[in-house]
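Here the structure comes first, spelled out in structure tokens, and everything after it is commentary.
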Amino acid sequence: MPARQSGPSRPAILFVCLGNICRSPLAEGAFRARATAAGLDVMADSAGTGDWHVGHPPDPRAQAVARANGVDISGLRARQVRLDDFTRFSHIFAADHANLGNLRRLAPDPSPAELALLLDLVKGRQGQAVADPYYGDAQDFARSWAEVDAAAQALVARLLNH
Ligand code: 4NP
């Protein structure tokens, strides 16, 4: 983890899921909000390993749960992971094991960016996935929000302590 919080080597965080319309934009929104509240200068983005939703705004259910928690993610647009993400970002967090596996296959070896599961950041949740809420309901989106927000809080604490 880099120690600096500003300048060219400030932490650069990429959140990755499958479609980039549910979990990773929620994680980006939660992290931006938590970082801003903590006065932390970071670069954050999100992307999907799949390309089906490129250019689309976050799923309306994701927008709704973020809005209910005071975070506006309506301006985000989905994009697919690119090779230069592994050099542009210092840390890449995947929502689940399938996406982490796909990132590892895409990444240069060794990867310049640290690759990990998003819930590895959360005490007691290491090695676990943020379940895909796409085929679920509002309760599933609420759980996704709680999980990515816990990770966002833990990441901000970790960055502040370095
Ligand atoms: P996400 O959710 O990976 O959290 O953005 C999904 C969004 C779309 C699809 C799957 C998961 N899909 O199959 O289109």
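Every residue gets a Cβ built from N, Cα and C, even glycine.
Mapped onto DSSP classes, the domain 'Phosphotyrosine protein phosphatase I' (11-158) shows 63 helix, 21 strand, 64 coil. The feature domain 'Phosphotyrosine protein phosphatase I' is assigned by TrEMBL to 11-158.
Taking the Cβ of Cys17 (active site, nucleophile) as centre and 10 Å as the limit, one finds 31 other Cβ atoms among all the protein chains shown. The annotation active site, nucleophile is assigned in TrEMBL to Cys17.
The active site feature in TrEMBL is assigned to Arg23. Shown in sequence order, Phe15, Cys17, Ala62, Ala95, Val130, Asp132, Pro133, Ser144, Val148 are the residues of the chain, 6+ apart in sequence, with a C-beta less than 8 angstroms from the C-beta of Arg23 (active site).
The active site, proton donor feature in TrEMBL is assigned to Asp132. Cβ neighbours within 10 Å of Asp132 (active site, proton donor), excluding its own Cβ and spanning all shown chains: 18.
If you take every residue in the domain 'Phosphotyrosine protein phosphatase I' (11-158) and average the pLDDT, you get 98.
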